[in-house]
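To start, the structure under review is shown below, and the notes come after it.
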Amino acid sequence: MEHLSNLEQPTTMDSYDFQKLTNDENLQGTESQVPSGSKSASTNGLLSAASSAAGSSFGLTPSAILQQKHENAQQGKKQNNSKSFSKKPAIDVHSEDAFPTLLSKTGPSKPRIVSWVRKTASNTSVAGSDSVSRDKIPFSASSRASSTKSTLSSVKETDFVTETLILSPDNQAPRMSFVGKPNSVAEIVRTVMHQTSTRINVSTASKTKNTTFLIQGKTSAVKAARRQILKLIGRRETKTMPCPVFVVGAIIGTNGQNLKSIMDRTSTRIQIPKRNNTANESSDDAKKPEKEENSAASTLDDLEPQYEMTTITIEGDFEGVELAQKDIEAIINERTSNTTVRISHISTELYSLLRGPDGKNIKELEEGRDLKVQIPFAYLDPSAPVNPIVLSGEKSAVRECALYLQGQAEELLRTTIPTMLPIPRRQHRFINGEKGVGIQDILRKSGCSVILPPINGDSDVVSVRGPALNISEGIRLTLERANSTIVDAVNITTAYASSKNPFDIASIVARLFLRSRKLIPLEEECAVQYHLPKREELQSNSNKTVIIEISGKSQEAVREGRAKLLALVNQFPESKFYKVTIDPLLQRYVIGSKGKNLQKLRNEHQVELLVGEYGEEDPDVIVCYIGADDGKSPDQIQKELADLAESVKSSAEASAKIVSEIIQVPSVYHKHIVGPKGTTLNAIIGKSEENVIVQLGKVSYRPDSTDDDVYIRGFSKDVERVVSEIKQVVRDAKNHEILHSHVEEFDFPAQYSKNVIGKNGSNVSSLREDLGVQINVEEGHIRIQGIKKNVEETAARIKSQIEALIDDTILRVNIPNDFHRQLIGSNGKYVRRLEEKFSVRVRFPREDDSSNSTGNELMKPTSPDEVVIRGGKKSVAAAKQELLELYEYEKSIAYTSTIDIPSKAVSRVVGRNGSTVENIRTQFDVKIDIGDVSTEETTPVSVRGAKADVENAIKEISAIAEEVKNLVEKVIKIDREYHRYLIGPNGSKLQNTIKECGGSTDKTETARLISFSNGNSEEERNSVVLRGDKEIVEALETRLLEIVEELKNQVEEKIEVPQRCISSIIGRMGSTRRDIERKTSTMLNIPNVLDPEETVTITIVGSPENCEKAKEMIQEKVASQYTQMITVPDTVYESIMKGILMKKLRSDLKVFVDTPEIKPVQPTEVVLEDHEDGVFPWKLVTHDYTGSSSSEWAVRGHKENVEKAIASLEKSIKQVMENCIAYLGIPTNLHRRIIGSGGSIINKIRKIAQVKIDVPRTPGDEIVVVQGSRAGVVKAKDLIFERLQENQNQE
């Protein structure tokens, strides 16, 4: 057994120690139990009587042998650690000297053949082999005294195993004696042997002091004995480890099962600090906060979530502590693998570009990854908080996606430019389109994003952002959508100007239009749309007008829609409305079940009631007369409406008596009335929630209320009950501890336990959250603890659920399988309708029922004809009756017809992957059976269903078969060199040719219609095969030959262009080049020349006249690239760029200005005049734009347009340099005098003086700013002062 202690064992445990076990006199006392002269020692080992006779027979006792082998093993380790690599002698595993046999009491027996194996080794020695090479039994590479090693030996004859446990002195519990004490090693090992039915031999090496335990027995018993030895003898230690708080519930498990399992398996004691009922929560409850905790990561630089931590303490032997630690770490790692990141540093202007058209980019990012990307929609509102991008999922995927989005954002900031467009707010909805389709369409077509201001804001500015080459197209599409609809607005408030409160009447009319949908017929008649104000706008105190917007495609339609709207508004004078106050709790009686009362009033009295328009607390009900006047006077109509309103109110009050009561409860007890998350109040109100209102403390609309008030209002009997229960709760709250100690337990049928708990504990968790109780469910028993009222409500709900489960019934109905399809209906619509109607579940047989063993076996049909129905007894019976009636009906209308079709047409009838026949089945709701295709010319097709549907399906099948009969095949000879010209880029020319000949452009149909041969012979390669309808084939043949003839007559033309113009000729992604080729029916060959100083020779292939057209288009592109430079002082850079001149040059002259990147230079301010004295102080200043630096701007476009643009730039530069600014100090209260009614005066001054005048709107700001030429500014100043002087003279 020399090698036994050296076998390497994979272990995750720390090293162990034991004190030396000596073979002293105490051991000799055990030898007397063995008869004298016996030649064997019991394999119970040292503790079960090591025989002196055996010692004389072999020279050494088993313990001495083991001790000697320990010493030899240590010597072997030293040799292994030396630098010599001499070959080790082989070990004879059957040697009696090396491995002495321990004989039984009955006499000697044959040596037992054992196989010493490593736990992780894949190669094991076979029992019965003569010897085992030392190389096959590796020694430990190092002599770690603290390591724990074990080997396993399986004995084939008895199914026993042998395991060796070696403990170093450091890993043994201190002050442990071998024998003689109750807690000695001998007593401990004897107890373990008795408990586990194993045999254990113990020895200690004299040099290393390592203690070896040789354990024999069944596998499970050996493992249990090993664990007990480590628990009782091994070194004790205590470890602490951090743990996220939200994972504690998962570690504990349901009713502590997980924690108990870990402690039992590892023989440890685990302590978890108490924290807000953490120890009582189940593992299912623990899963809920996991997502919240994982949402902690908020920035790109910190993707690791920051969890609230607690400390877990583990006590036990050193191996058990480490095993328990690993189990807990596995649970923690499992529940912290995901994370969530919020990215808020990316500009919201880039969100649409990052999202892509219709979220295309998001789908690509999420595809194939455990990742969820949420990029919100952005609005042009700098004051609004940033709505961040949210990434959720697996950590590495989230980090990768975050880095990618940041890179994309930086790239977009460099390669895109924003443009602000002032567009009236009323047109924003047309840019956005329904559900944002307009903005997505612009993004898809131009690559530019459009950002609108918030709906509730007052800004008119729309932002368009995209690449510089595409921004003009994005602006064009945006303006096109904005101007695609004509908009008009009608202020209906003016129709009620004579009323005391025109806004109230106009808002009632608007609400009536919203409720009664009276504008829909006008919209259909006039081809317009009416946009009514929102209810919030009609309720606003600041809004004093009701505006209805009209939009349409033509001015005439909008004008007609306006006239119709005004006519409709005039039909509803103020006399047709009457307001009555009805308690909100009574309003549901006014409405009636499903609105029956409102419908009755509408039919009998021609009135419409506007109920609860402004929320549940709105007591106002508006009675609107919508019938004809019939000659009645306004007073008569008002009287009739008043009588009807009082009748409605009296009827509602008669339906239920509303009372209110206020009880005084000290505010400190209000929290007990409400309960955790409102649970107690919910339990008190119960099913009377719609009939009772409970308000605690002071409220604004009851001025006399106090902090101690509890206000209850509702139906009298419900108010009486709620008051009584609130008083009881307050009484109970005085002793809070007793209140929460109420417990209710009851038994129920054990088979319903999983139904009470719910999937993943969902039912129990829901009750805990709603009613704030603790629930423990065991097999057939439930225990509920919490507030008495909550416990009673919880028990009532669970008992109700159990009663429903007990009532659960399963019925099996036999219906022929041929009718199942009709009973289920298209997409299961009939069976779903049956399930919803009777609240049952219906299960039809499936094809995989026989192979699929998962799922609910009770609901699985036992035969192909069996239908299973499950639910309440009465519901199941009713569902069965209706199902059988439906079966009888289907059986009575079943109709079958069979036709024969050509066998060659079968594949066309079936279609690719069965698509054609499936479409016919779905379209006509029939069943189609196609016979086996044999060598016969025809194949039978059987169609079953309703007679009309069968006949229609047969017509469809016959049409396909007839089409196949008309198919022909032709082979035409066309030289291979012309094939690519016939096909064109991506098959575009071929598609157009087929379309001209009446064929389909579907790619599948095209591939079937025409094929270009790739044969081996020259004749095959010059062949084109046409296969399809005779007329199309003949037309296609003629057209292809015509095209080939045209190709033979083609010529090559060359044109030279500067290399700098090549990009404009090719266009983005080759679009311009393809456009030229398509319009001129030519092909362009453009060589790759990189030197900008060289010219590029473009070859044009096509007919002579088409080549000339292509030349003209290329020359036009070259002409549009004319460039001229202009010198601009850096001091005017900012003024020119901020103006609208640059936009006008692009839009009007199609000219582009390339400006260098410079830092703007601010001009020097020069004061021309300064008059601080006088009634109105003023100052006139100008700016000195002359500076030492200037830059060259490049102007590109057509030559004549470039010259015009340069003239405009020079003129603008001159105006900027000559501009003056006047600052006029005018008191704020006089500003309206210079503005005039509707801005008439100030606009007149602007027009006369040709200047810009800015009047401040901020209170307290008195400075009026005038900008323009010096003469104009002085003129404007004089006119303003004259106007103010005239007003003073008049006063």
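In case you wondered, yes, glycine gets a Cβ from its N, Cα and C as well.
Checking the candidates T935, T1004, T1072 against Swiss-Prot, the annotation phosphothreonine falls on T935.
Between S115, S392, S716, S1011, the residue that has phosphoserine written against it in Swiss-Prot is S115. Among the candidates S146, S153, S282, S934, the residue that Swiss-Prot annotates as phosphoserine is S934.
Across the domain 'KH 1' (166-229), the prediction's mean pLDDT works out to 81.
According to DSSP, the domain 'KH 12' (1219-1280) comprises 32 helix, 15 strand, 15 coil.
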